Amino acid sequence: MSLFLFAIFQLALGSPGAPNGPNVPLQLTGVRRGLDHVQKLPSEAFSFKLFGKNLAEDGYYFTTATRCEDSHLSTVSTVRATVKESYCSYAILSVPEGLPFNVSTSVYHLCHKNATIYTQKFLVVHEKKAAAAKYMGDEIVFCFFCILMSAYASGMTLGYMKFSMIDLNTMLKIAEGDAAKKRVRRIMHFRRRSTQLVVTFSLFSSVFTVLFTTTCEKMLHGVSNEDVLKMAVPALICLIFAEMIPQAVCNSKFGFNLAASLWFVTVIIFFVTLPIAYPASLVLGRFLKRDVREVMTPEEKTCLLRSMAQNEREKTILENATTFTLKKVGQLMVPIEEVFMLSRSQKLNRSTVLTLVEKGYTRIPVYDNKNRSVIVGMLNMKNFNLLMVKTNLIDEPTVKEALHALELLKDRTVKFAVKYVNIEMNAHLLLNRMKTGDFHFACVVEYSAYDSKVVGIITIEDILEKLIGKIDEINELRVRSSIDDRGDNAVIGWCREAGSDKKYPLPFSQQLRILQHLLSECQVLKSLDIGIMKAKQILSLDRIRVGKKNDKLELHDLLLVIFEGTVLVTNEVETFERVIDVPSQRSSSTVNSQQHRQQTTDNSRSTPVPVLIIGKPLLNRLMKSLGSPFSEPLGPKDNVSELVVVSEEASYFKLRLEDLMNSINGCRKVDRNGHTTTGESLLQTLNSRASTSTSTTPACRTPLSVDARSQDETTPFMEKQE
């Protein structure tokens, strides 16, 4: 479109008919009113006719400077105006490329290269705002279609890739009905091509997002704040309707069913994008090697296992199981310097056996004399019964003799040979070997160029501890465990000291037989849950007495436990002589049972018995004082009226009611030095028994503690009576 402007240029210097020279400046003298300001669209070509006198043939331009003299500045935009026709009184100028309006440049002024003065009457061109385009129905439908396709590609990417192949296989196995299995198979068909699936949906979504953005920008052309809206509107629509909503829907419980139901749409998309997506997926597969969604780092596996575990123990087992196949024997073994071993020449005496029991090891390596690196055998603690059958431990055989005795046994269940494994062997392979039952113990050998040596040992427990954690046989959280530990330590200490201290007049085996016989004969003590160690406190050293020949022992309100000597017993039925002798040597259980039967059935009473208990009626008084319904069954033979020492000496324990009461209440406890201290009470057990439905026992009452010794007691053991 041509715009005609009427303007008059008058030369400041020069004659009216002469053309402008280089030294003759141009000055604007006036323009027609109402046409001094015009508007043009950005980059819109236009032309106009300029009237005047002595008009120049070139040198016209438009500039954004407020003065023509400043048009040479770098920050100023200048556009040259071309002279199409030039005459003496007018000229036709054109701007074929239009004026480049932008945010910072919205006004251009017409200037001439020889002009030095600018006035407001000079030609001014303003930017013209384009009219907003009318929305067409086809453009709106096309935008809706683009958003729908982009949303489908974005959501279905998550819908198909949400489950791994492991999850889909599990779902296929547990699915109920053919319809559910059919949906899983449809998902698995595309899930196996996960790389191509990701590339296809990404390409499809990107294409339709670009088409939507371009169409939306055309629809917003010419509106107010056009530049801002062209960026904000497409971005918000794509974010909300093409990303957030479809991904949220496909991530929910509906995503799986949608992906399985719209499988035919996915097939069409695969076919359309196949020429580009398939080669691109091959390139990605070439570099990634494996499924882009199936590869899990060790950290991801650890986090997954932690989320699956319900407690710390399960988490430890799962974490150890994932790394177990990478473990070597050398990482799980016990170094040879920390191993408890026996020398082949070492004797199996009392101290050694008690040390083995105290250590608690089930398998003891045996080395060759002083060289701990040469393992010649293994002593299994469970074979000690077989060892006692073959050898006599009282003779203190050496470890070599014990192993030789085990070797002579024909029973092949005795395994004393040692297996050797390489330090670089995989731990799971060794575990598979040990699970066969051939061996549960092995020596770890490290091989060098010219030599080899034993550097440690490994057991099946060491390997299992790596899987399930440390096997702690002592649970410190349970009170019962601490009680058992104290009891075990007390028994071991008792075994070490018995027979080696002057205050222990009997060997350990004889003491144990006395206590066992006491608990076997006195049933009321069992009702109080009195065990061996508590019975040992009752039969303490300060209660041992010695009677001389022809002495009549006091029987009134006393319980006598005679363990050595010969006595003459008189009861309501008969008078007989009884020999008491606790065997010092090991005897079989058959001999013990025969002696017990002879004690109760032999009328001649000539067979020695290990223990003779006199004064059982005192036990019934004890139970009555404690308020217990339990009592000792008594017969006429239990009421002894007279007891005379026949042998030169007779050793016995003398117990009064107060002694029994104090021991049961825990008021007195005798240590190894004979000192009395506070012990543990057993009345809680009695109270729990008395609260049963069959019990008619009144409320338990605890008598006051009474000193177990009095001034008129007989002379203690090893002292002569007056």
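Using N, Cα and C of the backbone, Cβ positions are placed for all residues, glycine too.
Listed in Swiss-Prot:
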SIGNAL    1-17  signal peptide
TOPO_DOM  18-139  topological domain 'Extracellular'
CARBOHYD  Asn102  N-linked glycosylation site
CARBOHYD  Asn114  N-linked glycosylation site
DOMAIN    132-318  domain 'CNNM transmembrane'
TRANSMEM  140-160  transmembrane segment
TOPO_DOM  161-196  topological domain 'Cytoplasmic'
TRANSMEM  197-217  transmembrane segment
TOPO_DOM  218-227  topological domain 'Extracellular'
TRANSMEM  228-248  transmembrane segment
TOPO_DOM  249-257  topological domain 'Cytoplasmic'
TRANSMEM  258-278  transmembrane segment
TOPO_DOM  279-722  topological domain 'Extracellular'
CARBOHYD  Asn320  N-linked glycosylation site
DOMAIN    333-396  domain 'CBS 1'
CARBOHYD  Asn349  N-linked glycosylation site
CARBOHYD  Asn371  N-linked glycosylation site
REGION    584-607  region 'Disordered'
CARBOHYD  Asn639  N-linked glycosylation site
REGION    686-722  region 'Disordered'
COMPBIAS  688-703  compositional bias 'Low complexity'
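Through the fold, the transmembrane segment (228-248) approaches residues 147, 150-152, 154-155, 158, 205, 209, 212-213, 216-217, 220 of its own chain, all at least 6 residues removed from its boundaries and within a Cβ separation under 8 Å. Ranking the glycosylation sites Asn114, Asn349 by how many other Cβ atoms lie within 10 angstroms of each Cβ puts Asn349 at the bottom.
For Asn320 (N-linked glycosylation site) paired with Asn639 (N-linked glycosylation site), the C-alpha to C-alpha distance reads 69 Å. Mapped onto three states, the DSSP output places Asn371 (N-linked glycosylation site) in strand. Model confidence over the topological domain 'Extracellular' (18-139) stands at 70, taken as the mean pLDDT rounded to a whole number. Shown in sequence order, Asn571, Glu572, Pro617 are the residues of the chain, 6+ apart in sequence, with a C-beta less than 8 angstroms from the C-beta of Asn639 (N-linked glycosylation site). With DSSP states grouped into helix (H, G, I), strand (E, B) and coil, the domain 'CBS 1' (333-396) comes out at 26 helix, 21 strand, 17 coil. Distant neighbours of the topological domain 'Cytoplasmic' (249-257): 155-156, 158-159, 162-163, 183, 187; these residues of the same chain sit at least 6 beyond its ends, with a Cβ under 8 Å from one of its Cβ atoms. Here the CA atom of Asn349 (N-linked glycosylation site) lies 129 Å from the CA atom of Asn114 (N-linked glycosylation site). Taking the Cβ of Asn102 (N-linked glycosylation site) as centre and 10 Å as the limit, one finds 10 other Cβ atoms among all the protein chains shown.
Counting neighbouring Cβ atoms within 10 Å of each of the glycosylation sites (Asn320, Asn371), the lowest count belongs to Asn371. Taken residue by residue with DSSP, Asn320 (N-linked glycosylation site) is part of a helix. Counting only same-chain residues 6+ beyond the ends of the topological domain 'Cytoplasmic' (161-196), those with a CB under 8 A from a CB of the stretch are 250-251, 255-257, 259-261, 263, 266, 270, 277-278, 281, 284-285, 288, 291-294.
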